[in-house]
Each structure stands twice: as structure tokens, then as C-alpha cells.
Amino acid sequence: MKLRAQQLLGYAAGDAANNLAFSMASMFLLLYYTDVAGIPAAAAGTLFLIVRVWDGVADLVAGRLVDRTSSRWGKFRPWLLFGSVPLLLLSVATFSVPDGSLTAKLIYAYLTYAAVGTVYSLVNIPYGSLAAAMTQEPVERAKLASARSMGSAATMLLLSLVVAPQIKNAENLQASLQLTTLVFVVIGSALYLFTFFTARETVQRDVVTVGLRTSLRTLRQNTPLQLLCASSLFFLTAMFSIQTIGVYYARDVLGDANLYIVLTVLQTGLMFLIAPVVPFVVRTIGKRAGYIAGGGVTAAGSAVAMFAPASTPSLALGAFVLIGAGLGLVNTLMWSLEADTVEYGEWRTGARTEGTTYAVFSFVRKVGQALGGAAAAYTIGLAGYVGGAEVQSATALWGIRAAAGIVPIGCAAVGIAIMVFYPLTEKRFRDMTAEVAERRDGTKTHSPA
């Protein structure tokens, strides 16, 4: 079934709303903690890692809850309706660390960051699972993945234009971030409602309660999901390390905080432009080859960012163009590949577990965000970064370069190596979904190869 433009736009709106909380944290929370709240970089990095352990539990619980949901609005959409406002309000709280001792600040930061991660699981897992329920056509799924990436890129672009200019005025940053996140509550709620009313579940499936043992068996036998998660973990670590360090790179390495806006616009703009051509990439070279190619471009851009002279900012800007193009391709294909692993799980075991499958993938994304943010924080912390200092040492500047270069290059190399073994080709996927359809019609028994 061909998706209508309204459905694609509605699905894009959902991830635009998601990223008002998610990308706001990945792009600016470390800077807020170190330069406004006064939390040391290493302590913030540890916070990112520890909270993501809790998020792993939250993701799996959310996935189980979603798979057991049945309502007049469907399986996934009710969660968008009722979870969106709490998520956005908690994002406001995350950027509202009160004055007090370092211990009190850390306790508050842990509690609010864990809370926003938990509610994000209850909203994002149903949203992500929705793609597998909207269509089973590979090209249409690629369109959904492209729409999602465009929604995400649009929000990141908005954040770079609205939030990035605020970092120049550190004295008023607390108040301005609170006001900005409050405005995002209104915008995000409207976007979630639009998704709720336009993105419908159309894939035929039996509405049954999937037991925990069945869910675990499906995950254990889903080799494509396991390989995708492993590869994605490294690419996401690279992506979030770059996102986290971007503001430091512009302000401290290039010497101009205003360039962060340009860097982000270039990076997210390329992601925005790449997303519409992904269906063409899928038709011509396939998802796996496109994913690997995007990883290579990302590594090349990171290498340039690592060594670009501060006196030649145009070279650094070019590096972020390459990074944006590569990550745009990888990140968009990630969503489409994840939806395909749902079909593999049903073909392999006979159980369709969109929620649990996406919960695992969501957990991987959160771990990638935590590892990327922590890698950036630890790298600059070990290199001697001093929060709030007008001038950083030469060692600290190389630490910032390493977080933008060495970390993404190494992660991209491992991610590519893993993806070489991904088994789902376009032909195998078509054969697999045809066999699942035959089973539903009762014309073929369950006999996976």
C-alpha cells in the first residue's frame, strides 16, 4: 500500500516532537551541566552512563507494555496521546537545576534525567514501532524512515537557530533555556497530536498477548536485529559524540561560538537533504550497501574535523558537511532496517513483537547517546577542560578535536565491519514477507529456513 503525503508528514511530525526533548539533551545538556550548573565534565559523563542503565530497564518494560496494548486507537497511538505532555514538561525540569551544593545538583540531575528518559521510552517506543504497522513495503518504509529523519533534522535545525545563539550569554542562559523548553512544550504537544490523527496502523496482524518467554525467544533468534543493534551502537556513539562536542569545537577550537550555528545548520541541513534520496538509494544499491557507504563518508568527515586548522574554518565546515551527509544516510537507513527485523522475527518464530523489538533498538540508541556523550565528556575532562574558562589549554583543545575525530572514526570502522555480515537482502526480505502473508491466509505452514 502506498502511503499518502499526509501520513508521511504526520510521521515526520512525531520525530520532530521527540527531538525537542531528545536532541535538546544530546546537543546542549553537557554544556548546560558544565558551564551553567557547575557540574564537572567527568561527573556529567558518569551521569550519562548510569542513567542509561536504568533506561535499559525502562525500554524493555515499555516494549512489553506496548505489545500488550489493544485499544480503539490501536496499539501504539494512545501512548503518543497521553505521554507527550509529561515528556516535554520533564525536559523543562532537566534544564532547571537549582542552586545548591554539588551533591544536591547531582541528585537533582540524576532524578530529572532518569525521569525524562523513562517517559521518553513510553512515547518513543510506540512511535518507532508504528512504522512497522503502517506498511510492509520496503520502499514505503524507506519513505517513512526518510520522513522521520527529516522531522528530526528539522528540530535539530530549529535548536541550532534558537538555542545556540543563547550560549553566548552565559549569565542569562538558565532563564533563557527554561523559557525555550516551555515554548517547546506547546509546539511539541501540537506535533504529537498531528501524528496521532494522521499516522494510522494498517498492517494486518492478530492482536494477541505475547508472553515474555515468546518475546525473548523472538529476540534471541533475530540475528539481523542483533547485528543491526551492534553496528548501530557504534555509529550512534560516533553521532552523539559529534553532537555533544560540536559547541565546544566551534567556540574553543575555531574561536567563534557563532560558528556552532553554521556547523549545525550544515550538518543537519545535509541530513535533511539526504533523507528524501534514501528511497532511491534503497532501489539502486540496497539498504546494507547504502548504510556502509554512509559510514565511510562519516569517517572521512571526522578525519578532516580532527586536523582542520583553526585558521581555516572553511575546512572544518566542509568536514561537518561530510559528517552530516554520512550520518544522514546511516541514521535514516537504521530506522528502515529496524522495521525489517520485525518481519524477520515474525517469519522466524511466528510471533510479531514490534514493541519489544523496538524497545531493544531504542535501548541501543540510548546507550549510544550515553556512550557518545560520556566519551566526549571524559575526553575533554581528561584533557584538562575547565568549564567557564575563557581560554582552554592546548591539551584541552586537542581533547575536543579527539572527541570530534578519533572517537567517530574508530566507531564508524567497527560499525561498518559488523554490518558486512547483515543477512537481509532485498530479495530475501520480499520472499520472507510473502511467506508470512501466506501463513496468515492459511496457505502455508511455519517453516523458516
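Cβ coordinates are placed from backbone N, Cα and C, and glycine is handled just like the others.
A TrEMBL annotation is a machine prediction, not a hand-curated record.
Annotated by TrEMBL as transmembrane segment, the relevant range among 39-58, 59-78 is 39-58. Tertiary proximity for the transmembrane segment (314-334) is limited to same-chain residues at least six positions away from its ends with a CB under 8 Å from its CB atoms, namely 142, 145-146, 148-149, 152-153, 228, 232, 235, 238-239, 242, 246, 249, 253-254, 259, 262-263, 266-275, 278, 281-282, 287, 290-291, 293-305, 308, 408, 412, 415.
Contact between the transmembrane segment (289-308) and the transmembrane segment (176-197) is absent: fewer than three CB pairs lie under 8 Å, with pairs separated by 6 or more positions in sequence.
Counting residues 6+ beyond its ends, the transmembrane segment (257-282) has Cβ neighbours under 8 Å at 27, 138-139, 142-143, 145-147, 149-150, 152-154, 156-157, 159-161, 164-165, 167-168, 242, 246-247, 249-251, 290, 313, 316-317, 320-321, 323-325, 327-329, 331-333, 336, 426 in the same chain.
Where the transmembrane segment (367-386) meets the stretches 110-133, 176-197, 227-251, 398-422, the count of C-beta pairs under 8 angstroms peaks at 227-251.
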